[in-house]
Ligand SMILES: NC(=O)C1=CN([C@@H]2O[C@H](COP(=O)(O)OP(=O)(O)OC[C@H]3O[C@@H](n4cnc5c(N)ncnc54)[C@H](OP(=O)(O)O)[C@@H]3O)[C@@H](O)[C@H]2O)C=CC1
Ligand SMILES: O=C(O)[C@@H]1CCC=N1
């Protein structure tokens, strides 16, 4: 199996997540000429072309010589795209490994949609990255179909480590929907929290600019402490909370207003939406 630097990579869809992953690959010494992106929208395609990677609007042509294909279209488009690719592989002896980042779409759906005219299907890995991939601070979950080899898994690991600090392989497919509800959608939860913090502090008199700088740096600082400290998040929280002090007053308010229940319901809603997308689009 070639390394990620030696592999021919094709991205089907060149939007936000594909661009983030491609940025990480280019910083990780993957040659531009080994990457091809198929993207219909000229604005996105031209942005990617400016990085030096190959671009096209023809999904089949992009995938022709690829060792690894990354399906980076919206879940609603995945079926059409995959059926087109599978049908084109009748004469192809060695099928590429396929990586999907589409929320919810199951390994089983991909196996069905990608079947070649002579009844074969590629080895498939489902991945859930997140947008901090853009700055190589991503968190990704992954699950492989049973036929994926250790070398193929390693190749996908190399792909993900170009953009992710944390890569978690799960062994039950439904857990990838939980990863989606946790870290796939998760950056938005922290952005929303900072938006609310800024709004509160602004109401209390701080300027929006000062409040945004303080809140965003607090988010980053707390995140860095959680990824570098030996202490659990709960202990780090206790370390900030003086008895009957200011943090205690705030956390008590969170608790009284049902913070834990709100978070629980939100993560569950995202997880269930991923599963629902997968089930609806399988039809
Ligand atoms: N955004 C996020 O935070 C995350 C997203 N994901 C998953 O990543 C996938 C992509 O999301 P994201 O990058 O945000 O979406 P984008 O809409 O930014 O990117 C998808 C791209 O695919 C293009 N496209 C549409 N139809 C086709 C086609 N038939 N062939 C080739 N390309 C096509 C779209 O072009 P056009 O605009 O012209 O339609 C668009 O540029 C989704 O499945 C999502 O679930 C996973 C983790 C995190
Ligand atoms: O909102 C979504 O559906 C995608 C998947 C995870 C993050 N964004």
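All positions are counted from 1 along the displayed chain.
Note: Cβ is positioned from N, Cα and C throughout, glycine not excepted.
As recorded in TrEMBL:
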- 8-104: domain 'Pyrroline-5-carboxylate reductase catalytic N-terminal' (DOMAIN)
- 12, 13, 14, 15, 16, 17, 72, 73, 74, 75: NADP(+) binding site (BINDING)
- 59: NADPH binding site (BINDING)
- 173-277: domain 'Pyrroline-5-carboxylate reductase dimerisation' (DOMAIN)
**Q.** Minimum Cα separation from residue 59 (NADPH binding site), reported as the residue among binding-site residues 14, 16, 74 that achieves it
**A.** 14
Q.
Just to confirm my parser: what is the rounded mean pLDDT across the domain 'Pyrroline-5-carboxylate reductase catalytic N-terminal' (8-104)?
A. 95
Q: Fewest other Cβ atoms within 10 Å: which of the binding-site residues 16, 59 wins that one? Let me know.
A: 16
Q: For residue 12 (NADP(+) binding site), just give me the three-state DSSP call.
A: strand
